[in-house]
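Enquirer: Before we start, here is the structure in question, set down as structure tokens.
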Amino acid sequence: MADQEEVKLYGFWSSPFSRRIELALKLKGVPYVYIEEDLTNKSPSLLKYNPVHKKIPVLVHNDKPVAESLVILEYIDETWKNNPILPLDPHERATARFWASFIDNKILATVMKIALCKEEEKEAVSLEVCEQLKMLEQQLNGKDFFGGDKIGFVDIVGNIVAFWFQITQEVFGGDFFTPEKFPGLFEWIGKLQEIDLVNECTPPREKNLAYVPYEYIEEDLFNKSPSLLKYNPVHKKIPVLVHNEKPVAESQVILEYIDETWKNNPILPQDSYERAMARFWARFIDEKFLTKAWEAYTCEEKEREVVMEQVCELMKILEKELDGKDFFGGDSIGFVDIVGNVVVLWFQLTPEVVGVEGWNPKRFPGLLKWVGKLQEFDVVNESMPPIEKYVAYIRASIEAFKSAPK
Ligand SMILES: N[C@@H](CCC(=O)N[C@@H](CS)C(=O)NCC(=O)O)C(=O)O
């Protein structure tokens, strides 16, 4: 191969399709530059190199793009001939392509249905995927790998079964893929996991489990979009979550929907009484605390002291409920802690909005400790707006509220 050749891979850390290309390049020992794509905001290069599907992975070899992971794998195998991925015999090659396509087009499509189907359809879909996985398992036929005694085309493609299916099952519920049902496939997974390069090309389990891809659409609340008005015609407010074209509005309703749809890292407790309590305190925060806090920001100067004291009374009640725990949810973040982000904002905004003299946060050591614990989480900080921006927004909202006709 020419010395000056350039290999670039456009991928996404959690995508089984781009991870399989990384694995093939590593197995071949081909040096490459990896470019992480933001799939919610695709780069002009990705759109230029894959104008048909606009998807990763794309391999760019000496400025020539190749898209579609199965096509890329074959291109790699034909370009760098060491450590062959496909067998040499034409019939064996055809068989490998057949099963790779069965994994991507049949099994994967059925597993996707599990994520999208209604609860009552889950059993039938699970049965369908089990039948397909059985057919795949039979292909192993006592061998270590589909490729024989070493990893090959079907194994590289099948890594999606080995890793992602277990994650899908954990997130969406079900027991379609277990070692009891598929001893052969699980033995094969064990063999794959003995290969360092395979592990290097598998995204961290916890990060992957916690990842739900979504597209964020910023609304201009002074000029609401037709989509927002269509999706939330009752309240005409954000947030609205749209999942597979079905809209869900009202933040606490959305939180419960998220928790029931993606079952890993539960937000609400399992016990029904504890769930009721969590819902009770979440409503207390949104309906009592938030209403009073807003009144404290918007009331006449002469009433401020009294209203601030009423807010403090409500905060005392909340602090008592926290009862020295790290989180309302116990030792990890839960429903009340997530809804409680407005209390965190209160701590940050109040000195700016009402001035330091009217507000003494030290009266709430328990809540302050809780705020500190929350801020130890990157995801919490990432979902909080920059404080200066927020102060400006709240000041503008207070002005708009005060000047609105009553
Ligand atoms: N058949 C394609 C599938 C690739 C694919 O689904 N890529 C996803 C990431 S996992 C993607 O780029 N999605 C972006 C989009 O659909 O807009 C392949 O094998 O390469």
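Including glycine, each Cβ sits where the backbone N, Cα and C put it.
Take a look at what TrEMBL says about it:
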DOMAIN    5-84  domain 'GST N-terminal'
DOMAIN    89-214  domain 'GST C-terminal'
DOMAIN    212-266  domain 'GST N-terminal'
DOMAIN    271-393  domain 'GST C-terminal'
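Describe the structural surroundings of these features, if you would.
Expert: With helix defined as DSSP H, G or I and strand as E or B, the domain 'GST N-terminal' (5-84) counts 30 helix, 17 strand, 33 coil.
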Enquirer: Within the domain 'GST N-terminal' (212-266), count helix residues (DSSP H, G, I), strand residues (E, B) and coil residues, in that order.
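Expert: Helix (H, G, I), strand (E, B), coil: 17 helix, 8 strand, 30 coil.
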Enquirer: Express the predicted model's confidence over the domain 'GST C-terminal' (271-393) as a mean pLDDT, rounded to an integer.
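Expert: Mean pLDDT for the domain 'GST C-terminal' (271-393): 91.
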